[in-house]
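A quick write-up on the structure given underneath.
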Amino acid sequence: MEVTTNAGDQIRTEAHRRRQSGFRRLRKEKYLWLLVLPGLIYFAVFKYLPMFGIVIAFKKYNPFTGIWKSPWAGFEYFQRMMDSPDVLRVLWNTLVLSFYQIAFVFFVPIVLALMINEIAYPWLKRLIQTVIYLPHFLSWVVVAGVFYLLFNSGGSVTSILAGLGYDNANVLTDPAMFRPLIILQSIWKEAGWGTILYLAALLGVDPELYEAAKIDGAGRFRQMWNISLPGIRSTVCILLILRMGSVLDVGFEQIFLMLNPQVSQVGEVIDTYVYFLGIRQGNFSFAAAVGLTKGIVGLLMIASANWLTRRLGEKGLF
């Protein structure tokens, strides 16, 4: 009995010591926590608090009666979503654009980083990094405006195409050109950001590996293939896992700004469909059901990609 009492006292003493240590650490780092506090408040208010709104997907929501007084609908809107031909169309459009973004937009920064890493002149390397990184700071409104000026009926690109014999070449209203235009925009705006991440990962590669490869007679391409690429493989895997989580998110602002009635059949995606359905038409419950399904699919994709990455021997997110 005495042994049991002593063990309990030791456990309570250890727990008390840990609490005291935690409080002391909190007081010591209080100014750092004050710096983090605005970000925590932002995520709590704008990211986590709105999650309570998912209950709208299971109710016949009426804005005038509120969420809690609206009658329950169960899985009615999910059933309507599965039976709707429009949902299948926008899902297909979203998956096609997402595949193109993974195939081109995701891998372009890897190629750029490997090429920039081979540049021998530091000033030229910094210049190229700056030039390709600057578009990342532009809003999609500015990017869409630039492409509109270039590709509208009186734009410079359209005029060049007309001079080459392509009459009435209006790229903005051509359904066949909508997806390539979106991919071109994404590469121009976001490739610089990914390139910086991969260049930072390349800095962690041991320079002695390159020296040893040179002694063994390996050329620049062999060094890139056998040293540089394996050196950034873990970074590629982590970013690919994160990208798979947003496989149904191809960028609302970009698509919304470039969308027009002529290209809506191939350009409307899940995000714009939810916007038009929920905000424009007031069908909030159906839009919430579509959005919730999209979020669940994204979570499952992240978990699956993380599991596959760990099975292949790489380090996952969790």
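Any Cβ shown, glycine's included, is placed from N, Cα and C.
Unlike curated records, TrEMBL annotations are generated automatically.
What TrEMBL says about this one:
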TRANSMEM  31-58  transmembrane segment
TRANSMEM  90-115  transmembrane segment
DOMAIN    91-305  domain 'ABC transmembrane type-1'
TRANSMEM  127-151  transmembrane segment
TRANSMEM  191-210  transmembrane segment
TRANSMEM  231-252  transmembrane segment
TRANSMEM  284-308  transmembrane segment
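Taking every listed stretch (31-58, 127-151, 191-210, 231-252, 284-308) in turn, the largest tally of C-beta pairs under 8 A with the transmembrane segment (90-115) is reached by 191-210. Taking Cβ pairs closer than 8 Å, the transmembrane segment (127-151) reaches residues 112, 116, 119, 157-158, 170-172, 181, 185, 188-193, 195-196, 199, 251, 253-254, 257-258 in its own chain, all 6 or more past its ends. Counting residues 6+ beyond its ends, the transmembrane segment (31-58) has Cβ neighbours under 8 Å at 67, 70, 72-75, 77-78, 284-285, 288-289, 291-292 in the same chain.
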